[in-house]
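These notes are about the structure you will find just below.
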Number of protein chains: 4
Amino acid sequence: MNRHYIENDEDALKIGPLTLSSRLILGTGGAPSHRVISETITASGAEMVTVAIRRFDPTLRDGSIFEELAKLSVHVLPNTAGCFGARDAVLTAELGREALQTDLVKVEVISDQDTLLPDPLELARATEELVKRGFYVFAYTNDDPALASHLANLGATAVMPLGSPIGSGLGILNPHNIELIAERIECPVVLDAGIGCASDAAFAMELGCDAVLAASAITRAKVPKSMARSISMAVRAGRLSYLSGRIPRRRLAQASTTDEGKPFT
Amino acid sequence: MNRHYIENDEDALKIGPLTLSSRLILGTGGAPSHRVISETITASGAEMVTVAIRRFDPTLRDGSIFEELAKLSVHVLPNTAGCFGARDAVLTAELGREALQTDLVKVEVISDQDTLLPDPLELARATEELVKRGFYVFAYTNDDPALASHLANLGATAVMPLGSPIGSGLGILNPHNIELIAERIECPVVLDAGIGCASDAAFAMELGCDAVLAASAITRAKVPKSMARSISMAVRAGRLSYLSGRIPRRRLAQASTTDEGKPFT
Amino acid sequence: MNRHYIENDEDALKIGPLTLSSRLILGTGGAPSHRVISETITASGAEMVTVAIRRFDPTLRDGSIFEELAKLSVHVLPNTAGCFGARDAVLTAELGREALQTDLVKVEVISDQDTLLPDPLELARATEELVKRGFYVFAYTNDDPALASHLANLGATAVMPLGSPIGSGLGILNPHNIELIAERIECPVVLDAGIGCASDAAFAMELGCDAVLAASAITRAKVPKSMARSISMAVRAGRLSYLSGRIPRRRLAQASTTDEGKPFT
Amino acid sequence: MNRHYIENDEDALKIGPLTLSSRLILGTGGAPSHRVISETITASGAEMVTVAIRRFDPTLRDGSIFEELAKLSVHVLPNTAGCFGARDAVLTAELGREALQTDLVKVEVISDQDTLLPDPLELARATEELVKRGFYVFAYTNDDPALASHLANLGATAVMPLGSPIGSGLGILNPHNIELIAERIECPVVLDAGIGCASDAAFAMELGCDAVLAASAITRAKVPKSMARSISMAVRAGRLSYLSGRIPRRRLAQASTTDEGKPFT
């Protein structure tokens with residue numbers, strides 16, 4: 001740690017082929033309109049946005065969300081939301097690559113409609129196959145350190161553990177696991193799913209995550225633009241907090257004003 | 001809520017005779033030097049700093065912490081740290097008023113050296129007396145909503161509940177109580193004591209607190225300047241998060257990408 | 001600790017003038033009928049029951065709850081539920097003493113109807129006065145270790161901190177405070193209010209409480225008799241767990257089956 | 001729910017080919033001696049005990065842990081502790097079957113020595129293979145509801161999610177997941193690993209688990225025999241609490257003594 005550190009350009013995030021100065025990745029799901037997406041991107045300063053490939057419609061280039069994102073010069077991270085098996089996810093990823101001309105893909109392989117939890121077995125299969133096919137694979141996973149290790153070993157570009165189910169706003173249900181993942185995985189770790197508010201995002205970064213993805217927390221907030229700005233600041237605050245070396249937790253008090261008189265008058 | 005709200009000057013905090021644009025109040029306890037205090041004030045943009053009255057030494061005007069603070073044009077909030085009874089606290093407050101020419105005082109009446117928890121009975125007595133004597137009383141209290149009500153009714157300018165013991169870094173041990181206090185008390189509520197890192201500060205603001213006080217979390221961090229900046233951002237992020245209307249918590253998932261096809265291509 | 005300890009008669013609770021073998025105290029509030037109260041007493045084996053003094057009606061001796069309790073040979077702990085100030089509580093306590101011929105009293109002085117939280121200032125006044133008048137004072141208090149110390153120093157027979165608001169079923173919101181109280185207070189500590197289920201009761205005992213009071217958790221459960229038995233067992237289990245010396249918490253795993261071969265074949 | 005329910009024989013646990021009246025399963029790992037194992041079995045009333053197959057030594061029948069268990073008439077559940085891949089686990093299971101003449105096996109496939117977390121991919125493979133080979137498979141798994149579904153669908157006899165890492169004593173880190181698993185899985189769910197004390201065990205049962213496995217919490221407690229009895233009672237208390245219909249959680253208070261006068265004098 002640089003003792004003179006204050007946030008600066010040197011703290012950029014290298015993730016796959018990209019270098020990002022914002023550690024907040026936006027999701028577009030749940031947004032009521034294109035305008036809201038644009039506003040939240042601008043308000044947050046995010047440089048990467050994930051969009052479901054199934055939203056791509058080749059017959060409509062004008063006015064599509066992809067048009068919109070192109071104007072804002074953000075990196076698009078296509079995702080396989082809605083896929084239920086490895087095969088489905090791989091096919092969808094290929095469609096996305098062709099349509100959007102990018103090797104990036106966030107692989108989501110869902111287990112069931114109620115929880116939208118990732119299916120660990122199909123996820124591992126899809127990751128292995130997509131890496132073989134030359135994708136930069138961002139793997140949306142549960143919070144299991146053992147599965148995260150597998151995904152990293154299979155060549156994932158980034159491991160993206162959930163804090164809690166998609167859209168639940170429950171925050172980080174198992175900080176112990178997220179911290180273990182962040183400590184033990186070499187590739188970037190992005191906290192994905194479950195963020196409900198700013199403190200959740202700051203906490204994720206303090207646990208050692210390299211970035212945070214937020215979708216519903218922003219797009220479904222009462223004032224999305226303002227929440228986008230809030231969560232963006234919280235990610236930066238959490239990153240700085242992590243780098244600044246927090247005080248240890250103590251069971252009892254420690255006087256902040258000592259009794260020994262006047263230490264620095 | 002203003003639907004177009006993004007943080008702006010209209011969100012200033014009115015507290016006693018003051019109007020503050022920063023909602024972070026700094027403590028100086030635990031700081032290894034005057035330079036660190038100056039740096040953390042500058043890095044955080046804080047406009048109010050609390051200092052133990054017992055640090056004041058009339059024989060030394062030059063080079064005192066008070067000299068230092070005067071140069072930085074921050075509001076000084078003298079505190080009665082180290083006092084064990086109402087009488088002691090009132091006398092100390094009067095000394096501070098005379099020496100520092102301010103009617104502001106943060107009243108601390110400590111119960112014992114191990115926990116440094118406030119003594120509720122002596123605190124109420126001191127608050128009552130100091131209000132009578134014309135002070136603006138910032139009352140450092142436990143997290144009990146019933147005691148907070150008493151203090152507000154006695155005329156406290158601000159109620160300052162702890163998150164956890166001073167210097168413990170344990171964060172907010174009872175969010176339920178802090179939220180009740182913020183909802184039910186008319187005067188400003190400042191989360192005081194226990195903050196360990198940025199997410200704690202953001203969380204306090206999301207619970208509805210009007211401001212946060214941080215001392216050890218900053219002065220004893222590995223890189224105080226950087227942590228000052230982090231916690232300052234977190235307070236702003238938490239305030240915005242509170243104002244932006246967070247999503248409700250849900251037990252199961254809510255798809256951020258709907259199945260109904262392409263909602264806004 | 002007796003290394004050969006298994007629950008036995010030697011672990012009786014001495015509290016004021018009484019010696020109890022059951023560490024569960026029952027509340028009667030919320031019970032739909034006398035029969036339910038009798039059943040829960042029998043199913044739990046509780047030896048002490050608290051009843052609101054305002055329920056006493058001198059014109060009705062037969063069929064009153066007090067008649068019922070007399071038949072079951074349990075100790076009655078009259079309480080001042082519904083009192084809003086020290087004076088009210090003291091008068092009510094005196095009425096209870098006269099009517100029920102007992103010097104025991106659980107003093108409740110409520111702050112407001114929404115939270116039913118104890119008023120710390122009036123509680124201290126009432127405790128002081130009732131001790132002077134020769135009562136065995138069981139003081140229903142918040143979870144503040146500093147106030148608990150005051151109450152013990154004022155001569156309370158037992159200090160009864162809440163886990164969370166009465167009837168809320170939120171369990172123990174601040175275990176850190178309850179543990180501090182149990183460690184630091186000489187007189188018996190009874191966890192009162194907030195218990196929702198068996199694990200809450202066991203946890204209270206593991207934090208070092210000497211007993212647990214449960215009312216709504218039992219009387220308002222779907223099957224009160226069965227819940228009474230459950231919570232009674234949980235109190236015993238928690239007490240034994242506390243005495244048996246739990247394993248330390250570890251961040252990583254510790255193999256329960258070692259690799260060093262076959263330790264005891 | 002039987003409104004007149006109090007624990008009785010009708011609540012026996014059917015698990016694979018067995019019917020158990022005790023819902024506590026003991027682990028032997030960490031025990032300092034055979035005597036301690038015997039004592040904890042007796043004190044707890046447990047009817048099933050899991051033992052690492054690698055402890056079996058065919059050259060030593062007398063004085064082995066298996067001899068000891070045979071005398072106590074408990075069911076032995078051989079486990080594959082220490083195995084790092086599906087193949088290893090399957091071979092070990094076959095050795096156990098031959099040596100111990102039982103089709104029961106608890107399959108553990110470990111990911112790494114630091115966390116001892118289950119490897120989800122190898123676990124699924126091993127479970128599939130062992131079911132094919134006619135075993136009753138008790139699958140030690142992480143707390144992921146999606147993986148638990150897979151294991152149940154593969155034919156596992158019981159799904160055994162961890163609360164936290166083996167021997168950590170951290171309790172149940174993600175109650176939300178455990179509750180989802182208990183709700184959604186048809187076969188018995190046994191909370192395995194992480195239990196540190198009685199309240200953890202009661203909590204597991206209240207979340208809907210069908211049984212609890214405890215090893216280190218008992219064998220490494222200061223007084224194992226007494227802790228065995230404590231955790232055994234806690235499991236029963238938690239089961240009863242689950243069946244008795246707990247009160248809902250409320251944010252504010254609910255008077256247990258109503259104001260409407262004397263409800264049942």
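Each residue, glycine too, has its Cβ placed from N, Cα and C.
What TrEMBL says about a protein is an automatic prediction, not a curated fact.
Record features (TrEMBL):
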- D:Lys106: active site, schiff-base intermediate with DXP (ACT_SITE)
- D:Gly167, D:Ala193, D:Gly194, D:Ala215, D:Ser216: 1-deoxy-D-xylulose 5-phosphate binding site (BINDING)
- D:15-257: domain 'Thiazole synthase ThiG' (DOMAIN)
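Overlay of TrEMBL feature records on the structure.
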{"residue": "D:Lys106", "record": "active site, schiff-base intermediate with DXP", "Cβ contacts under 8 Å, 6 or more apart": "D:Thr50, D:Leu77, D:Pro78, D:Asn79, D:Thr80, D:Phe138, D:Ala139, D:Tyr140, D:Met160"}
{"residue": "D:Gly167", "record": "1-deoxy-D-xylulose 5-phosphate binding site", "Cβ contacts under 8 Å, 6 or more apart": "D:Gly30, D:Leu116, D:Ala193, D:Ala215, D:Ser216, D:Arg220"}
{"residue": "D:Gly194", "record": "1-deoxy-D-xylulose 5-phosphate binding site", "Cβ contacts under 8 Å, 6 or more apart": "D:Leu162, D:Gly163, D:Ser164, D:Pro165, D:Ile166, D:Ser168, D:Gly169, D:Leu170, D:Gly171, D:Ile172, D:Leu173, D:Asp200"}
Mapped DSSP class for D:Lys106 (active site, schiff-base intermediate with DXP), helix or strand or coil: strand
Fewest-neighbour residue among binding-site residues, criterion Cβ within 10 Å, set D:Ala193, D:Ala215: D:Ala215
Model confidence over the domain 'Thiazole synthase ThiG' (D:15-257), averaged pLDDT: 93
Chain C neighbours, filtered from recorded positions D:Lys106, D:Gly194, D:Ala215, Cβ-Cβ distance under 8 Å: D:Ala215
For 1-deoxy-D-xylulose 5-phosphate, whose listed binding residues are D:Gly167, D:Ala193, D:Gly194, D:Ala215, D:Ser216, the greatest C-alpha pairwise distance in Å: 9
Neighbouring C-beta atoms (10 Å sphere around the C-beta of D:Ser216 (1-deoxy-D-xylulose 5-phosphate binding site)): 25
